[in-house]
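So the structure is just underneath, and the comments pick up after that.
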Amino acid sequence: MKSQLLSLAVAVTTISQGVVGQEPFGWPFKPMVTQDDLQNKIKLKDIMAGVEKLQSFSDAHPEKNRVFGGNGHKDTVEWIYNEIKATGYYDVKKQEQVHLWSHAEAAVSANGKELKASAMSYSPPASKIMAELVVAKNNGCNATDYPENTQGKIVLVERGVCSFGEKSSQAGDAKAAGAIVYNNVPGSLAGTLGGLDKRHVPTAGLSQEDGKNLATLIASGKVDVTMNVISLFENRTTWNVIAETKGGDHNNVVMLGAHSDSVDAGPGINDNGSGSIGIMTVAKALTNFKLNNAVRFAWWTAEEFGLLGSTFYVNSLDDRELHKVKLYLNFDMIGSPNFANQIYDGDGSAYNMTGPAGSAEIEYLFEKFFDDQGIPHQPTAFTGRSDYSAFIKRNVPAGGLFTGAEVVKTPEQVKLFGGEAGVAYDKNYHGKGDTVANINKGAIFLNTRAIAYAIAEYARSLKGFPTRPKTGKRDVNPQYSKMPGGGCGHHTVFM
């Protein structure tokens, strides 16, 4: 008997030693995660405390924002890193990278009347260009869309079909002096050219109303435009924060992410403090449980400048490492004040834009979350305008949630979700008014619980989930840019 007890003691010691260093303290004694238990750990007070903390980082600096590489974002990154590290449940790292920051301002007048314009980030500067305005056909995505007399003139282009950067490049190839892109949905237009390019010309954005008025004026006579663009550029060091559970199968990784940066204009509390805090709240709640599959959380940098942080991360993984990631969930703007509950259309049934195999199952899981509670929801398209894009391009199944940005809510949607028709989902989108006061508490709480629901499901088991597609390269979808406004589900505006 003594020898048997000694053998048992040795076995227990060996098992315990095997757990230490691989799994967090107390792991064997934690209950297995379930959907109900993890959701019950989500508290609105914790979520709101988190978004208030992000607001404080913006308020603490003269810039009043959390743009990547700036002080407000540095504070954000350090806080996220330290909060998650302190749990002891995760292996946490900061992934350093350098990206080009750009800030631009524009002044545009037509026939002496000043218009409300915004410069595209990464636009070349322009000092008082004075030229006649001409109109590009279609959406200015092809050389044949530009009039023969474009050289030396400023060209007016409607948003849609291709990126702002491509429009600017095509205008440059046509030897235009500048380009003005106007919105194809109500509201003003601010965006990015996606990076520096010698083909680009000075480029500004206008509202749909102002753009259409200019097109009407040109049809009846000559329009002279004066255009000024001030552009600043700076290489900035910045970081992704990546945290993976110490426990669970690291060859079957469930991954989720949200971008942690804002635009220059404001603190970015809905866009995307809501997603950042949503996944942080779930990350902290998850520490109460054990799981079967490892879960990897990511807080992406520089999303607002062209999905730079997530793209950098995905490109840093070889096919073998990326194949361990069985799916990716994206959460970008989940607390919009005039919200709609939107789920990425993984099966393509609404927009004919399917994600990689497994994306449909992700969509169905979120649908079940809402359906089981009798809560309305609607699909939103994979447009390539948020951080899932780099994953889809490498054939990783993707999905997630979104409560709306600049698109205007319809009367039909009001019947489903409440709110106000004729008003954007987020009227403070990309503006200084995107503060804590901009958050819809009901929306952010519900969507954070939905995140917990999905993570609990996949952390327990991937049974029934399609075999992970072979890692490869693919387009997000050749039709993605044809969505109204460049996307009714994603908001990094480079198209």
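Glycine is treated like the rest: Cβ placed from N, Cα and C.
HIS259 is the only one of HIS259, HIS323 that Swiss-Prot places in the Zn(2+) 1 site (with ASP271, ASP332). The Zn(2+) 2 site recorded in Swiss-Prot comprises ASP271, HIS430 together with one of GLU244, GLU304, GLU412, GLU457, namely GLU304.
The subset of recorded positions (ASN142, ASN235, ASP332, ASN352) lying with their Cα within 10 Å of the Cα of ASN272 (N-linked glycosylation site) consists of ASP332, given in sequence order.
ASN142 (N-linked glycosylation site) and ASP332 (Zn(2+) 1 binding site) have their C-alpha atoms 32 Å apart, to the nearest angstrom.
Ranked by Cβ neighbours within 10 A across all protein chains shown, the glycosylation sites ASN142, ASN235, ASN272, ASN352 are led by ASN272. Mapped onto DSSP helix, strand and coil, the domain 'PA' (130-216) counts 22 helix, 23 strand, 42 coil. Considering only the recorded positions ASN235, HIS259, ASN352, the residues lying within 10 A of GLU304 (Zn(2+) 2 binding site) on a C-alpha to C-alpha basis are HIS259. Counted within 10 Å of its Cβ, the other Cβ atoms near GLU303 (active site, proton acceptor) come to 29, all protein chains included.
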